[in-house]
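The feature compositional bias 'Basic and acidic residues' is assigned by TrEMBL to 1-10. Taken from TrEMBL, the feature region 'Disordered' applies to 1-37. The compositional bias 'Polar residues' annotation in TrEMBL covers 16-37. The S-adenosyl-L-methionine binding site feature in TrEMBL is assigned to HIS47, LEU49, GLY74, GLU95, ASP123, ASN138. Summarising the annotation, TrEMBL assigns domain 'Ribosomal RNA adenine methylase transferase N-terminal' to 54-223.
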Amino acid sequence: MPRVTSERFSKAHQPSAKSNASKGYRGESSTSSVRNPIFNTERFGQHILKNPSIAQEIVEKANLRPTDRVLEVGPGTGNLTVRILEKAKHCTAVEMDPRMAAELTKRVQGKPEQRRLEIIIGDFVKAELPYFDVCISNTPYQISSPLVFRLLSHRPLFRVAILMFQREFAMRLVAQPGSSLWSRLSANVQLYAKVDHVMNVGKNNFRPPPNVESSVVRIVPLDPPPPVRFEEFDGLTRIIFSRRNKTVHASFQAKGVAEMLEKNWRTWCSEQNKVMEEVKMKEKIEGILEETGYKEIRAAKMDLNDILKLLLAFHDFGIHFA
């Protein structure tokens, strides 16, 4: 039997009965007529990939090696898992639904693959992750963003991740500066990884068919990662992308921004044993934006280098975002 690690499953993980009835695949509305006949998949935002050719193509995109250890998130009944086990040395599958984990266990029982499969029952966001070379996932909608950033923060770095998401989310991951989908998410992910669109997956490839289309992306983390604290970069993008089509100056004029940055600056001065002089933070912010030339630029047009230059300019004065 594959080794099963049971994570504690509490009521905090369970949506209300009302939300179960009104939520379907990846947070979209659903009716009882499209529910999975075996499992209440909408409870966990999952949908079963039924097309074997699509499952095979997703696994092939990972270019698995015989020595690879694979992390799979949301294996469901194992349509991707069995193909992973054909090519990889080991697979750790993280599954929220104990019934699906039991179905997957039965699927490999008595076969050579059973010794190379470990199942962790529980919430991926909270689970303790093992070492892995590759991640493959048919991702439940509600953990799309947490999954991406948990993977990018995992050490040691993995080689590649092949991940299926709701198409709009996938397109935001690969969006380029100046496009309508370029966003804080795009910048934060692309700072640490190369992201490519791999393939589209139509809704009829799932059982039951979802209300949204899906896409598969390939994420390759930069190795070594850039020497930039994620909290700092994310703090800056949170401000400038809050009004992505407004000027950067307008974003910094938003209520509470100057006060927050002044508090951070005073904390930094204290940690560095620097004498705190009186400073008019709003005027200082405007001065930095003027000097860097980004005052009248819109976040929607800024690329990663622009954002990093602006971050460095603030840091030179001791202004931090986290």
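Placed from the backbone N, Cα and C atoms, the Cβ positions cover glycine too.
When other Cβ atoms within 10 Å of the Cβ of GLY74 (S-adenosyl-L-methionine binding site) are tallied across all protein chains shown, the result is 26. Averaged across the domain 'Ribosomal RNA adenine methylase transferase N-terminal' (54-223), the predicted model reaches a pLDDT of 96. Once Cβ contacts within 10 Å are tallied over all protein chains shown, the binding-site residues ASP123, ASN138 are led by ASN138. Its own atom aside, the Cβ of HIS47 (S-adenosyl-L-methionine binding site) has 28 Cβ atoms within 10 angstroms in the protein chains shown.
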